[in-house]
Structures are given as structure tokens and as C-alpha cells.
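Just below is one structure, and these are the notes that go with it.
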């Protein structure tokens, strides 16, 4: 409110939403009381009743659905808050872990386990991360529902479960590695969103490509060969298996499956950007567009992705340009 909004206004971002549907009492009644996405039979009936072309009615419903979405200014403020958090917590984690022995040797995570001291810096690192992911869990139900809602819900559940479980079992050393690794790419995605909202397209594309590289390296490279290696094999060797060992590693493997799914989406988006020079609408976007629509604004906008106000994940989004693809 006091920082992000003035920044957005200085960048020329207006507090205006998508194209609004023209007032129509009959269609509004159908939209509010019957369905927001009428089928072919209902469209034909409305076409005869109003003497409108079916495509015009489809366009009206699309505009009516979109006009309830947050404005670009709102989305900019949300992304700026997330960018600030992700960047701050990542550098806090790196600064803290740089001086710890387990950052350089993962076997140190299990030496003298479970009798490992919980320092104040480690404690606050855990509490901040847990509070943030709980906030994501709750806000997901109030934000616009997207196609990957279930996947993000599973991700938040697994993350909260891992943070809580590792804290209760004093597996905080390996837990800090997992947290820091996941924060490494998130602020780059939010930076790309901010650049997209401000219409700095080259900067947006650069941030997204950098995000994709960091995401794939950390989630498909470092995570399985560094984190999973120590939780699956080094812990088995040094402290042996125990009942909760299976749950802990099951949650970590669940995250890895989600990493693979999201990485495939990022690679597909980057490929389209390289081949076509721009990327088509995000498959999970909550703002709809149509190549058949006469509005030329979406055709004249070149973007890498359609952004989200939550995100996890977000390659999580609200579309500013109808062309932006999220994690």
C-alpha cells in the first residue's frame, strides 16, 4: 500500500482491469444465477432470444468472467510483496548457512543426531518459512481458482508437513538446506512478473529465462543429487531407518515429482519463446483470451508469460498481457 503502489504508479501502471462486458440484464441473470460458461445449447437459445451472434455471446461471457479479476496494479503490489519476501529470506538463509558445516558437507546433518542444538537464527528461519507457507495455504482458497489448484494444494501441504515434521524430529539441518534451495528461484519469477506488469518486456523475458535455468538446476539437479541423496542414503548409513524416516522421505519425493511436472511446463514455455519469439497463453491462466476476438490488444502484446498474484506457482496466474506463462 505504501511502497508497492507508489512504485507502480511511477512506472505508469494504471488501476484498470480487463475489458468490461456491455450491460445486458438477460445475460447477467444467466451469469449470476445459472452458469458462467454456458454450453452450446444454451448459447443457441440466448442467440435466438437476443438476436445476437453466438460468438458475440461467448465474448460477452468471457469479458464478464474476466472483469472480476484483480487489476494490474493489484497484481503488481502482490508480486512486489512476494519478491521482497523471497529475496530477503533467500539471502538470510544463504548468509546463515554459509557458516554452517552441513552446508558444505551434508553428512554433518546426521552426526550426533538427534542431539543437535537449535540456535536462535535457525529457529527464526524455520518460523518465518512456516508462517509464510501457512499464509499461502489459506490465501489459496480466497484467490482465483486455477487449473493447478490441486497441485499447488499438495505442494503447500507437503511443504508445511516437511517443515513441521523436521522441526519436531530435530531434522532442522537438512530442513534448512531444503528451504534455501526452494527459495533460490522464486524471487526471479516474481521479478519477471514485475517487469511484465511494467511492460519492460526484454527484462521480463530475461528474468524468466534466468528463473527457468535456476529452477531446473536446483530442483532437478541439486535437489535429487544433494538433498535426496543425504536423506535417503547418508541418513540410512549414519543413523539407520526408523518409522518416521519413511514419511519424511515420502514427502521429499512428492516434492520432487512436482518439480518434474513444473520443470516440463517451464521447458515448454521457454521452447515456445525461442521458436516463436513469444509464448501463447498460459494453460493455467485465470484470464481468458481468444485469437478470434476482435480486440487487438492481446495480439499486440508480446510477453513471455501470464502472471499470477499467488505464486507459488506460483508457476502461479493473473494475466496482465494475456501472454504470460507462470510456474
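The backbone N, Cα and C atoms fix where each Cβ goes, and this holds for glycine too.
The feature transmembrane segment, as given by TrEMBL for the ranges 187-206, 207-226, 287-306, sits at 207-226. Of all ranges given (236-281, 282-327), TrEMBL attaches the label region 'Disordered' to 282-327.
Within the set 63-82, 123-142, 143-162, the record from TrEMBL flags 123-142 under the feature transmembrane segment. The DSSP breakdown of the DNA-binding region (29-72), given as helix, strand and coil counts, is 30 helix, 0 strand, 14 coil.
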